[in-house]
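Before any comments, here is the structure.
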Amino acid sequence: MGTAFAVVLVFVGCCSNVVSLELLVREFPGCGNIVTFAQFVFIALEGFIFETKFGRKKPAIPVSNYVIMVTMFFTVSVINNYALNFNIAMPLHMIFRSGSLIANMILGIIILKKRYSASKYLSIVLVSTGIFICTIMSAKQVHDVSSDGSKEQGLYAFMYWLIGIAMLTFALLMSARMGIFQETLYQQYGKHSKEALFYNHCLPLPGFLLLATNIYNHCILFNESTPVLVPVVGLTMPTMWLYLLINVVTQYVCIRGVFILTTECPSLTVTLVVTLRKFVSLIFSILYFQNPFTAWHWVGTAVVFIGTLLYTEVWSSMQAALRGAGVKEKKAE
């Protein structure tokens, strides 16, 4: 029951989050900072009340370690959202972030000197190839759109897009490095995911002072958006603030769903559910918002997800489960 409920939370929460984020970005492409800030405040406030008991509960992991993790987490969150300012389409954004498993594996080989099976190395090739295909086709679309203007404008738009790709690449590698650091902390102090969730969102809050001007400007823009009547509550509020509220709440629902899954299921199941969620979100984004997506994009997406499933050894696990079920049936006979 708990597992099924968690899966529903992940799919409903995360897919709704993608929709609300796309609605925000389409209206104001540079609103990534205010979205990140709102998410951090909401999760930090919830953690302060329910996890730390209003600051009375001491952390199991030293705060000095959290400071290092938080620096990486804050950087990744801000850069991922800020990359949307640089002509990065939402589908490409989601596909790029699907390479997190592989980035983690590559850094694991370099930093932790880990060794993997041949299927894992094949998955690296597949995911890298899929992301490369989607990136190249998106680059072609940027070039085709920008070619309608002058040559200088076209070159500027393309270079702008390349900056966005560089930002996504950096965030992907930084996120993988953070994962490795988190893994070593959990090995030393034990797993404290709810505590880590709170400190990862609370400690970076002063860092948003650096982005205060941008956040304030978007607050003004949000206030000027078209008012809409909120059903059930019966209150009228600007549309963009409603979208932001939905985004923050659904982000929390998604994170809570993943947390429940990690306590109820093995890591393989969690990875599979999150991967399928990304695929469903991608399809929904393409169909509902009619984002440009060519046949080559579909090929690249398929290769990315096949590589991800190969990495998680879903096929071999399913075969083992089926063989186990067959053996049980024979014994019953």
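Glycine too: its Cβ is placed from the backbone N, Cα and C atoms.
For the signal peptide (1-20), the list of distant contacts is 90, 94, 243-244, 246-247, 250-258, 260-261, 264-265, 273-274, 277, 280-281, 284-285, 288: same-chain residues at least six beyond its ends, Cβ to Cβ under 8 Å. Residues or ranges marked as signal peptide in TrEMBL: 1-20.
Annotated transmembrane segment per TrEMBL: 30-51 (among others), in sequence order.
If you look up TrEMBL, you'll see 63-83 (among others) marked as transmembrane segment.
Marked as transmembrane segment by TrEMBL: 95-112 (among others). Residues 80, 120, 123-124, 127-128, 130-131, 134-135, 165, 168-169, 172-173, 175-177, 179-180, 271, 275, 278, 282, 300-301, 304-305, 307-308, 311-312 of the same chain lie 6+ residues outside the transmembrane segment (95-112) yet bring a C-beta within less than 8 angstroms of a C-beta in it.
A Cβ distance under 8 Å defines the sequence-distant neighbours of the transmembrane segment (121-138), meaning residues of its chain 6+ beyond its ends; these are 89, 91-92, 95-96, 98-99, 101-102, 105-106, 161, 165, 294, 296-297, 299-308, 310-311. For 121-138 (among others), the entry in TrEMBL reads transmembrane segment.
Per TrEMBL, the feature transmembrane segment maps to 158-176 (among others).
As annotated by TrEMBL, transmembrane segment applies to 197-216 (among others).
Long-range neighbours of the transmembrane segment (228-255) within the same chain, counting only residues 6 or more positions beyond its ends whose Cβ lies under 8 Å from a Cβ of the stretch, are 9-10, 12-14, 16-17, 20-21, 23-24, 27-28, 31, 34-35, 38-39, 42-43, 46, 197, 221-222. According to TrEMBL, the feature transmembrane segment maps to 228-255 (among others).
Annotation comment: TrEMBL describes 295-314 (among others) as transmembrane segment.
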Contacting positions for the transmembrane segment (158-176) when only residues 6+ beyond its ends and CB under 8 Å are counted: 72, 75-76, 79-80, 82-88, 93, 96-97, 99-100, 103-104, 106-107, 135, 138-139, 142-143, 146
